[in-house]
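Here the structure comes first, spelled out in structure tokens, and everything after it is commentary.
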Amino acid sequence: MSSGHIVQIIGAVIDVEFPRDSVPSVYDALLLEGGETTLEVQQQLGDGIVRTIAMGSTEGLKRGLKAENTGKPISVPVGTQTLGRIMDVLGRPIDEQGDIGEEERWAIHRKAPGYADQAASADLLETGIKVIDLICPFAKGGKVGLFGGAGVGKTVNMMELINNIAKEHSGLSVFAGVGERTREGNDFYYEMKESNVLDKVAMVYGQMNEPPGNRLRVALTGLTMAEKFRDEGRDVLLFVDNIYRYTLAGTEVSALLGRMPSAVGYQPTLAEEMGQLQERITSTKTGSITSIQAVYVPADDLTDPSPATTFSHLDATVVLSRDIASKGIYPAIDPLDSTSRQLDPLVIGEQHYNVARGVQNVLQRYKELKDIIAILGMDELSEDDKLIVSRARKIERFLSQPFHVAEVFTGSPGKYVSLKETIASFEGILNGDYDDMPEQAFYMCGGIEEAIEKAKAMKEKEGK
């Protein structure tokens, strides 16, 4: 293949000059002398010069260094050999367990499946988390976004979903850590190891200490591995933490490439980059990819271009609220803001739909009454409104739930609640079956039986 030499280095962006008759194509991978650093061609500037992004540190590089054109895009290992392993953006093992020993490598830039090949599914994916199963049910083979500001529990919710779904789900999982904390990646690895499901998970990390090129491409590396499993006819779970960091890496790269920024300083190609990634995360007639993505919301502003661009690609959106977290209700999922395309009586059935809408109606009415309560107090409300407030406060508390992954912090064992039990419990609260129970009994419990036990214990305590 042709070779060129470095003519300019600006941070993570490197210009390489090639003979004019053998200029590399856009997205071709270039190998630098010494073989440690890979570059990816982003632009052809003319006169045989290409502008590239470094997939790794640019420390110690200098002008004149030779670069070899591989003639093809970055390719990564795919197939069952990747399971139980931690890899970087180039598919190199970083877990000190020796070579991957892959039989096949796929390019990370691929076309999305054609419209005729795609397949939709109406099957529900039970998560064991009450508020999600009731208000924003997940579809098997669908895309889910966990939206939240800093510190409201995106990663903990993601870990609980992995714990509940990946362990119950007999299929394979791919976890892409995009620009998140290395500590969380480490915790995830040992969590999977302890649960004996490590041999079903492939992990790809490009964490926040890495250059923007790595963070921009690591999501594609993870997705390529998931696509291979899907095309073999398997059902795959793809976890991405965090999609916002993918956008942010794109912003950094875009600025380094000299593009004019658009709204709020984001790259002008924001919608296109997001589309290229999201359109590939889809289920086909051969197999399915169910994707769960954490989305950081800058300054808790859901209208920010990055989360706003992500919204349109998702089947279900789980919105985490700082107000709910400040009340000590975890998971801090907002039942009035979270939505799902599956919340349709034709998909989930009349009973589930009516209970979910009933819960939302009661909570919405309580939200409207809060101003009156703040000014005039509870006594000024009608009897009907007092009943609504009482039930809403019980529902609010009953939407909380102890998590398995938080056991080490809270000391209380995690609870998995089946969908059937969730629907029956909330239907009982709406029908007034538990009006005589104190609202404290509903806080941090699994099923309704546990709340009844708590209420009994409280009564006995008062009796003494």
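Cβ coordinates are placed from backbone N, Cα and C, and glycine is handled just like the others.
According to Swiss-Prot, the feature ATP binding site maps to GLY148, GLY149, ALA150, GLY151, VAL152, GLY153, LYS154, THR155.
With all protein chains in the displayed structure included, the most crowded Cβ environment within 10 Å among the binding-site residues ALA150, VAL152 is that of VAL152.
Taking the binding-site residues GLY149, GLY153 in turn, the residue surrounded by the fewest other Cβ atoms inside 10 Å of its Cβ turns out to be GLY149. Counting only same-chain residues at least 6 apart in sequence, those with a Cβ under 8 Å from the Cβ of GLY151 (ATP binding site) are ALA325. Listed in chain order, the extra residues whose Cβ falls within 8 Å of the Cβ center of the ATP site residues GLY148, GLY149, ALA150, GLY151, VAL152, GLY153, LYS154, THR155 are TYR296, LEU320. Within 10 Å of the C-beta atom of GLY148 (ATP binding site) sit 28 other C-beta atoms, taking all shown protein chains into account.
The DSSP secondary structure for GLY151 (ATP binding site) is coil. Residues near THR155 (ATP binding site) in space but far in sequence (CB under 8 A, at least 6 apart, same chain), listed by position: GLU180, GLU184, ASP241, ALA294. Listed in sequence order, LEU146, PHE147, GLY148, ASP241, ASN242, ALA294, VAL295, TYR296, LEU320 are the same-chain residues at least 6 apart in sequence whose CB falls under 8 Å from the CB of LYS154 (ATP binding site).
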